[in-house]
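Please read the structure below before turning to the comments.
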Amino acid sequence: MTPFSCLPSARNTTSPEAFLLRNPHLHVPKYRYNETQLPKKENLMWMPFQVPTRPYRPILSLTNSKLTQPSASISSFAEAEGEKEQKEGIQLETHDQEDAKTNEDDLPAMAQAFHISSRTASAIAIFIAFAALSLPFFMKSLGQGVSLKTKFLSYATLLFGFYMAWNIGANDVANAMGTSVGSGALTLRQAVLTAAILEFSGALLMGTHVTSTMQKGILVANVFQGKDSLLFAGLLSSLAAAGTWLQVASYYGWPVSTTHCIVGSMVGFGLVYGGAGAVFWSSLARVTSSWIVSPIMGAMVSFLVYKCIRRFVYSAHNPGQAAAAVAPIAVFVGVTGISFAAFPLSKSYAIGLAQALGCGAAGALLVHKIINKQLGHLLVKSTSSSHSEPQENTTQNKNLGLLSDIAGPKGTQLEIVYGVFGYMQVLSACFMSFAHGGNDVSNAIGPLAAALSILQGGSGNEIVIPNDVLAWGGFGIVAGLMMWGYRVIATIGKKITELTPTRGFAAEFAAASVVLFASKLGLPISATHTLVGAVMGVGFARGLNRVRAETVREIVTSWVITIPVGASLAVLYTWILTKLLPNIS
């Protein structure tokens, strides 16, 4: 074996130098030889080597493989120097590979997650920071014809709102994209780019234009009549407190509810500065009860959805055909429900229902065409093979129950099933991401718009949110998603249980269904908690030991302390702001 034996050679005997001159595109690893062990030049003997019949790979395995030994010996000079030198050999050092691995470990987490260079990651972060600091000067919401003090406070308020929106993007967007990344339906880079476009579009197009200072009915409005300065400080403190806790949770990869963060912050402010009568305690009780209701309902529905997939798709005579037939129906039901419940299509019930049905039919038709185009050759192959196979298990499969343990398909059938559910999961993730941008952006821009209204002479009770503030909140969500979103996505997609396209679709479809129906019925439901419970339910469907208890314990602990931590931080920040800015109005 020669140092060049990893390269393909010509059929005839040739020297490595001549072969490399004829093939300059080949990459040859650089070796470092120990000069003391090199034999004399006249004793060197090149051995002929031949080109393998199979096509060679452009990237040689030697340059990419991770050797377990720090060096490797080559015995091409054994015949000249004897058995002793064969054992000692020429020490082939792998410093280049070790340096590459060390450099990868030294990269920032964002660069490692997206497989980009450290310089590119730094450039993205600097661009976002520059845009966040400079864009408010071009916004009409900064104030027209107001004093310099008011403009400065408006600028600071916009930055507080951006901070909250940034943390919403870093933590909450995993609700839509986490399962798609975990199942392999989307890469992390694809998920972030897709979610960035849809989150911003949802925030700008579907974000509510009217909000109330007392978010979610937590605080009693009459308590703060005539106390605009205190209310302004409380609103900014709530944004800062919720953003701080979201940032801590995102750093550790804990999926927490952004709505609960805002609720906890406003409860702390209202309780300390408005008294016990300033808080709607019944509303607070409904919020805390969602810690139990949301994950249980999500787990139950996802358990049943996944078991139905195994019973009616996996056990079918042709699982691939069964999956292709079920997909348009599931998409029609899901898209229709999401469109009708989440998007304000029309004020008329009949027109809104007709529009939702049209969206569902369009989604089903789109999925049907995509499946036939991308997987049509596999479907034909599976149909021909299924006709040639004996139908031994057809009668047995008819007697299977919903909870029976059914083995999954293999080969071409498995490829079709995963492909079909992968497309369905991506589509559902896109809808959920768009809806999330329109719904949860209010957690950041609601208090932000109220604070701006107080500064500019409004009452703060009901505020019209301008388009530039909606876009500002959408930009904050996208920025947080790009810089830190991968942390919580990894928790939901990989750390709770192992996900495949079928499991990921079951979890996401179940979570979306529970959230939509519960919101219509007025039940206290958190989308984050529901999705975490749905992922756990899919794991339980495969066995209790399929769910990582340690990860679940950390997540539940973060849920329990969200409201107390948010309340404590809001009180602290309000105290600081009232000392620094005693005369805000």
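Placement of Cβ uses the backbone N, Cα and C atoms for every residue, glycine included.
Pulled from TrEMBL, these are the features on record:
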type	residues	note
REGION	73-99	region 'Disordered'
COMPBIAS	81-99	compositional bias 'Basic and acidic residues'
TRANSMEM	120-140	transmembrane segment
TRANSMEM	152-170	transmembrane segment
TRANSMEM	191-210	transmembrane segment
TRANSMEM	230-254	transmembrane segment
TRANSMEM	261-284	transmembrane segment
TRANSMEM	290-309	transmembrane segment
TRANSMEM	321-343	transmembrane segment
TRANSMEM	416-435	transmembrane segment
TRANSMEM	469-489	transmembrane segment
TRANSMEM	556-576	transmembrane segment
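Counted as Cβ pairs under 8 Å, contacts with the transmembrane segment (321-343) are highest for 416-435 among 191-210, 261-284, 416-435, 469-489, 556-576. Sequence-distant neighbours of the transmembrane segment (120-140) (same chain, 6+ residues past either end, Cβ-Cβ under 8 Å): 107-108, 110-111, 114, 154-155, 158-159, 162, 466, 468-469, 472, 475-476, 479, 482-483.
Beyond its flanks by at least six residues, the transmembrane segment (416-435) meets 173, 175-177, 179-180, 183-186, 191, 194-195, 198-199, 201-202, 206, 309, 313-314, 319-320, 323-324, 327, 330-331, 334-335, 338, 342-343, 363, 366-367, 370-371, 374-375, 378-379, 382, 408-409, 500-502, 504-505, 508-509, 512 of its own chain at Cβ-Cβ distances under 8 Å. Non-local neighbours of the transmembrane segment (152-170) in the same chain are 132-133, 136-137, 139, 141-143, 146, 199, 236, 239-240, 242-243, 246-247, 250, 258, 440-441, 443-445, 447-448, 451-452, 455-456, 469, 472-485, 487-488, 581, 584; each lies 6+ residues outside the stretch with a CB under 8 Å from one of its CB atoms.
Taking every recorded stretch in 191-210, 230-254, 556-576 and counting its Cβ pairs under 8 Å to the transmembrane segment (261-284), the highest total belongs to 556-576. Highlighted: of the candidate stretches 191-210, 230-254, 469-489, 230-254 has the greatest count of Cβ pairs under 8 Å to the transmembrane segment (556-576). Packing against the transmembrane segment (469-489) from elsewhere in the chain are residues 109-110, 113-114, 124-125, 128, 131-132, 135-136, 139, 141, 158, 161-171, 173-174, 177-178, 181-182, 188, 191-192, 195-196, 199-204, 207, 209, 249-255, 437, 441, 444-445, 448-449, 452: each is 6 or more residues past its ends and has a CB under 8 Å from a CB in it.
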